[in-house]
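For reference, TrEMBL has these:
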- B:21-547: domain 'Cytochrome oxidase subunit I profile' (DOMAIN)
- B:86-110: transmembrane segment (TRANSMEM)
- B:122-146: transmembrane segment (TRANSMEM)
- B:211-237: transmembrane segment (TRANSMEM)
- B:271-290: transmembrane segment (TRANSMEM)
- B:367-390: transmembrane segment (TRANSMEM)
- B:402-426: transmembrane segment (TRANSMEM)
- B:438-460: transmembrane segment (TRANSMEM)
- B:480-501: transmembrane segment (TRANSMEM)
- B:615-633: transmembrane segment (TRANSMEM)
- B:663-686: transmembrane segment (TRANSMEM)
- B:706-726: transmembrane segment (TRANSMEM)
- B:777-801: transmembrane segment (TRANSMEM)
Amino acid sequence: MERFSQHRSATGALVFLLLGPLVWSIHFFIIYAAHASLCALTGGMGTVWITVIILAVTALGALALVSAALGPMPVYRLLVRHPGGDEETRFLIAGMRLLAGLSTLAIIWGGTAVLVLPLCAQLR
Amino acid sequence: MSDDARLDLPNPAPRPEGELELLEKVWATPKGWRIVTAVNNTVIGVFYIGAALTFFVLAGILALIMRTQLAVGDNNFVSQELYNQLFTVHGTTMMFLFAVPAVEALGVMLLPQMLAARDLPFPRLSAFAIWAYVIGGLVFFSTILYDLAPNGGWFMYPPLTLMEYSPGDNADFWLLGIGFIEISAIAGAVEIVVGVLRTRPPGMTLSRMPIFAWAMLIFAAMIIFAFPAVILATMLLEIERAFGWPFFTAEKGGDSLLWQHLFWFFGHPEVYIIFLPAAGLVSMMVPTFAQTPLVGHRLIVVALVATGFFSFGLWVHHMFTTGIPALSLAFFSAASMAVAVPSGIQVFSWIATIAKGRERFRITVPSLFILGFLFIFTLGGLTGVMVALVPFDFQAHDSYFIVAHLHYVLVGGMVFPLFATFYYWAPMVSRKMLSERLGRWTFWLMFIGFNVAFFPLHIAGLAGMPRRVWTYPSNLGWDTLNMISTIGSFMIAAGVLAFLIDLAKNFRMGSGAPENPWGASTLEWLPNDVYSTRSIPHVTSRDPIWDNPNLPREVEEGRHYLPGVPTGARETIVTSPIDARPQYVIQMPGPGWMHLSAAVFTAAFFLLLTVKAVTISIICGILAIVSCLVWAWQLDKPSQGEVDIGAGIALPTYRTGSSSHSWWAMVVLMIVSAALYLSYLFSYLYLWTVSPEVWAPVGSPALPALGYPLGTAAMLVLGAVILAVRQRSLPREPKRDVGTAIAAVTASALLIGALALEIWGHWQTGLRPTASSYGAMVYMGAVLTVQAAVAVIIMCFFAAARGLTRQLTRERRVTFDNAAIYYYYTVAQGLLGLLLIHGFPRLAG
């Protein structure tokens, strides 16, 4: 019997596992950077583009993660370059799904703020 | 029993005569005063924890002085000026000199044992880190004794900390003083990332890795991304104080809020850097006391990872009252609430494990501290969710409510698990266990004392008492609450004293304590000596000792991997990151003087700069570099062919290229450098949004002609090409390698020329770094690339010297590869800088 499982890409496995938090990080960066810079550049007046960007990135991020969580194997095979089916694969997929779930929650939580607050006001 | 357990053991018994004696001899620690040259992780780990505990006690004494001052209103036990120094040094010492080093120390001490590695992958690096920290930390702390301590709060906000309002050396002690802490932390992070991902025992796949290893991996990754922001911030503030470059001065286009962004981008992950390892330790101890595997192991891994990532999206919650638009605040408010979810997952997992225990959960001193942690940390988490709500924080910010909250999460979340750790893992390094009786006194005094000290402060804060006040009027109704708090603080002190008495009576370094007294399942409880375990086990589950009760005997008999020292020197097995397949054997260095010398001179360099003794500081800096070079010269031992580790597996003893541990360390260093440069990029763009009126071409001299950046870029690229070509044509056999020396010198000269051209280009336009924040930022970009260039030029010359002394070939090429990849990084950073500095103003203007 085999002492060790078949080789898999370490970088690919870590990226696969961390898909959720990585997408959350990109989402967070875009919404904060877009909001802060567009408010600064419009002198605090704001622009509809703030809403468009935030909602679009939120929807895309959530959709990407839900898709990956529902159908992980194509992404797994692409990134990890391993056929799957072993204990480690199950661990990585379960971890990816749970992290994707938490990250989707955080993405929606953050992004939907644009629907309830004015664009550039301080509110103090 | 799993299929894997029916595998034959890797090595036969009995073992050859003399094998064990050689193992002991090779791993022996220096005796007597030469112990300061030791590099064994258990020795360094104990020193590290001892130092951290010392700083905890020292900072605690400062807290007692503050609580005495605040016990009654209108008090003058200490002056206002001294009080400002007290709370600054208390906070700075607790955060930088106690909390982070303590968890790092536990990583150094416990991780190799948990991973059945003989040591961390770069043993002298940890030793360097601890000595720099001890020397620098003691000198920093001593400033409180002669009125030189920093006094701007542990977070040191400008403009209070600019020269105008803080003219003495006090602030510089903070800024330069924590420089060596930052170096220590990053050195530790390199060790831990490479150690956790590459030196696990064969068969310990990621899914079988102990939770503490996960926690430390995430801790290290967070340090890599968070610390560079505060490193940049301290550089900017020190440069403004010393040379007048106006990064934070509004009148010249700077912004003091830039400091807050940079500091808290580090500062918020910092508290999770402190908490996550403690949570990891709790996850190791709870299953032992419940005598059942951890419930929700995967969930806890996920929770640790999620906490690590989300913590980078919280920093503005320290800045809710600064006038940032509400929608931005909402992003951080949402993230601050989101981060509570993974913390809650961990808490419920621990509770479920306790409930599921095969026997009743054992109440011992460590488990008491764990229960205390659960209670206190959960309360702190609840008040954390409260202050995550922006309107509530508008009221609570800078009040004692926040003081109460932060102590509940930090003391509850880190100090209590730390004390549990002391009692639980003492038998690994001490001949005697600590006392159950004294331990219970310690626990109850600390637990009751803590709640008496800090619970009333929630109420004091809601009643309006602000933070960082040296006294308060007696007629505001805060007196009773403060008096109760002071009594509680002295109870905590009594508890700590009981612990110190216990240590003095019972802690004795050495082996001889009961083997695995708690009945734990993980590898650090295998029979251990100076060489760690007699052989490195093949791991087939998460709870190896429970699943194979014969494992301790098998390992001790040398039946598993690498029971001897085939190269005749210190070594351990390197395995693949995910599946832990054995890949090669590292030849590791033993005790030495050079890392100690490097640490002393590094600390001296920073501290002498603080008191403006520039010449001697530079001499110390040069001596630090020389020490590092001599130290590095002793590394990179030649290959000794392949060695048999057992199970028919023969491993090489030298590895180069992208799977080598050395390459991985360089990659980590490059990520740190990139994070530093990205922080600078953020700062540049941020200041542009704040003060576009001082930016070129409108508010400053026009940019240099395009010939300057193009010439700079050409030189950078040419230098990289020269090294890349040389990389493919290193000599096959050891010989006096003049070609590499010429390539190294030429590439270095091109780097120097490129940067000189860039700086001259700006200078000849009349732009000066003191004129405006734009000028300061332009020259700061060059400073950062010069910094990287200095390091890479030293590395190039080092590689050249290796070549000239016949120690560089196509196979034995680590020193050249390390220099080359950092050169390529420096070129990439330089090119990005050119795009930013020369492209952005042309685009935006």
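Yeah, the Cβs are placed from backbone N, Cα and C, and that goes for glycine too.
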Q. Which sequence positions outside the transmembrane segment (B:480-501), separated from its termini by at least 6 residues, show Cβ-Cβ distances below 8 Å to it?
A. 56-57, 60, 63-64, 67-68, 70-73, 419, 422, 438-439, 441-454, 456-457, 459-460, 463, 465, 472
Q: Go through B:86-110, B:367-390, B:438-460, B:706-726, B:777-801 and flag the stretch with the largest number of C-beta pairs under 8 Å relative to the transmembrane segment (B:402-426).
A: B:367-390
**Q.** Candidate ranges B:86-110, B:122-146, B:211-237, B:615-633, B:777-801 - greatest C-beta contact count to the transmembrane segment (B:663-686) (under 8 angstroms)
**A.** B:211-237
Q) Which of B:86-110, B:271-290, B:367-390, B:615-633, B:706-726 shares the most C-beta pairs under 8 angstroms with the transmembrane segment (B:438-460)? A) B:367-390
**Q.** Considering the transmembrane segment (B:615-633), which listed stretch of B:211-237, B:271-290, B:777-801 counts the most C-beta pairs under 8 Å
**A.** B:777-801
**Q.** Whole-number mean of pLDDT values that fall within the domain 'Cytochrome oxidase subunit I profile' (B:21-547)
**A.** 95
